[in-house]
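Data first, discussion second: the structure below is written as structure tokens.
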Number of protein chains: 2
Amino acid sequence: MTDPLTVHVPLDQGRDYDILIGRGLIAGAGARVAALGGKAAVIVSDETVASLYGDALRASLEDAGLRSGLVAVAPGEASKSYATYAAVCDGLLAHKVERGDLVVALGGGVVGDLAGFAAATLRRGVRFVQVPTSLLAQVDSSVGGKTGINSPLGKNLIGAFHQPRLVLADTATLDTLSEREMRAGYAEVAKYGLIADAGFFDWCEAHWRGIFSGGPERDEAVAICCRAKAGVVVRDEREDGERALLNLGHTFGHALERLTGYESARLVHGEGVAIGLALAFRFSARLGLCPGQDAGRVANHLALAGLPTTLQAVPGGCGDADALLDAMAQDKKVKDGALTFILARGIGQSFIAPGIETNAVRAFLQDELGAA
Amino acid sequence: MTDPLTVHVPLDQGRDYDILIGRGLIAGAGARVAALGGKAAVIVSDETVASLYGDALRASLEDAGLRSGLVAVAPGEASKSYATYAAVCDGLLAHKVERGDLVVALGGGVVGDLAGFAAATLRRGVRFVQVPTSLLAQVDSSVGGKTGINSPLGKNLIGAFHQPRLVLADTATLDTLSEREMRAGYAEVAKYGLIADAGFFDWCEAHWRGIFSGGPERDEAVAICCRAKAGVVVRDEREDGERALLNLGHTFGHALERLTGYESARLVHGEGVAIGLALAFRFSARLGLCPGQDAGRVANHLALAGLPTTLQAVPGGCGDADALLDAMAQDKKVKDGALTFILARGIGQSFIAPGIETNAVRAFLQDELGAA
């Protein structure tokens, strides 16, 4: 393999870390993890990912002189539960993870969030390494230190900010993703262009096929996304301000996930985000904030990449405008009953728009639903 | 009521807070909690404490303009479980605790640890206030930010460092404690003298009865203990060094709790600590580190206050020396298999002693067990 791309995340208080991006990083992970210190590195993964990469990662850790172990959970969002969290913590304790040791999260966003939260709270905090194996996790969830699980009362309501000590994004692992998972992750890639980097969105329009096929464009895109996210996280680690921009497309997207019962057969997170991005731009255009042409360009590009961009595209439907509003109001980004959206003045020009009137949102959604 | 005593805990990054100590603080808690900001303050308590002080605290919060609520758990250590933690988190969410709101822990150490951990992880962290109602909690567990629950694999293995924004130690609540609970808390009071303040131990010998009876000595003692603990916590928040001194008596004490199955009918934490303090001083004396006279003075004072000071005093016994060693080796303060003790060169002169040989400990314990 060639040298990986590196994105440094310069957090304070000795918490800075590197994100390495490249094909084949898992095979050489051991030396890099061992360089962090500690005697043991215990992997948390799901059964599917563990069967693909668990042995290779364990062998690499053991070769580097680390005692290793594996705690595997069932694949899927249902594992972000209190019960699985308890099982992972107890599994790590059974593997005798002590305060100086490491937890290694090997998998997609579910595994990263779950393992990160277990690491954040095991013995009041042990260090952890992210080895994201989905495009979504490589460009989004593995970077930035948000960890957590779901409550029956809502997604990601329980958790901790806990930064990894190292992120190894082995882009060869994406070769085994389904087309649907690739597309879903790609929605988050395009999002970075839409938030604040019009040039990157141009580049995506020209090069997106290389990301899917595993050309050098893939590593480059992952690195650009990680660099963008790292910048935001360093400036606003706890989402008191700017970090909320990363939620572009997510207020609508989360509502759609909720209304489809988080059934991945109907809608996965990235598909909700794709629809949400298209809606955020069309809503911005309707409010006179953004050229209609930009909204059209966003929807066209996402559709070209195979992603849904309308409420009609939700299999089984998503209810009426009031159901959507209710689902949005349950989102944790609601403050004092007022809806906060991330809107845009154009591609690459997003901003936080608090206090958006529900009547305006309702009228917009009714038109979107009627436009079938 | 007179003005409360105040201990300031000068932590960095805007996390400094006050500990207020005085009789009747609960009745006026609302204004002080409301001054922290937030719209809601939801109480976590146990059913016993809630029945005594829940209504008064809620009334005070509501009078100060805060929306309040109560989440009550069963009394006792068994509530520091994964299941109760999940129930408390979901209970707080059902009371619509948002990121700017407050959790108020009303109770002893179990409630403080549990509610603090729920606050640390609810929405990735909301602020919390400690209202400790046991002597143990007022002088120890409510100060310092250690929060957590137990795993089936060991006590306090799951948790977070999360500092309260305010501690209100209403010393009148101790009037309803049983004699046994008062004595158990008193073991931790005496501990502060033994760790690093010989003058305070002298004062305890002269004034301990006033602490029990609720005279002004009680408030003074709580303030002295909080000031001592706050100093240690500010210098070593995450127990990389000096903070370990607070575990004087605890390596033996935790082993005894483990061997008695955490059955409070047999041994409560403070009783284990009392025996542990006496053992730590006798072991120090046996190693030639500490005058035997000081070890005798420690045991005599604890016994005068009604506390156990020998292994024979454990109801139902505690097994042989090897069982004790095994139980100690499971303690989280073990590093790489070597035993770390907190020992003393005299009253008020404790120090961290890593790498103590198990053979020396075994011989000491055998003699202690044979001394019946």
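Using N, Cα and C of the backbone, Cβ positions are placed for all residues, glycine too.
No curator has checked TrEMBL annotations; they are predicted automatically.
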Given TrEMBL lists B:Glu188, B:His250 for Zn(2+), the same-site residue among B:His207, B:His269: B:His269
Any further residue of that chain within 8 Å (Cβ to the Cβ centroid of B:Glu188, B:His250, B:His269) of the recorded Zn(2+) site: B:Leu136, B:Asp140, B:Ala187, B:Lys191, B:Gly249, B:Gly253, B:Gly270, B:Gly272, B:Val273, B:Gly276
For the domain '3-dehydroquinate synthase N-terminal' (B:71-183), residues assigned helix / strand / coil by DSSP: 47 helix, 35 strand, 31 coil
Number of other Cβ atoms within 10 Å of the Cβ of B:Leu174 (NAD(+) binding site) across all protein chains: 22
Mapped DSSP class for B:His269 (Zn(2+) binding site), helix or strand or coil: helix
CB within-chain contacts under 8 A for B:Thr176 (NAD(+) binding site), separation at least 6: B:Leu52
Taken over the domain '3-dehydroquinate synthase N-terminal' (B:71-183), the model's mean pLDDT: 96
B:His269 (Zn(2+) binding site) versus binding-site residues B:Val111, B:Asp113, B:Lys155, B:Leu174 - nearest by Cα: B:Lys155
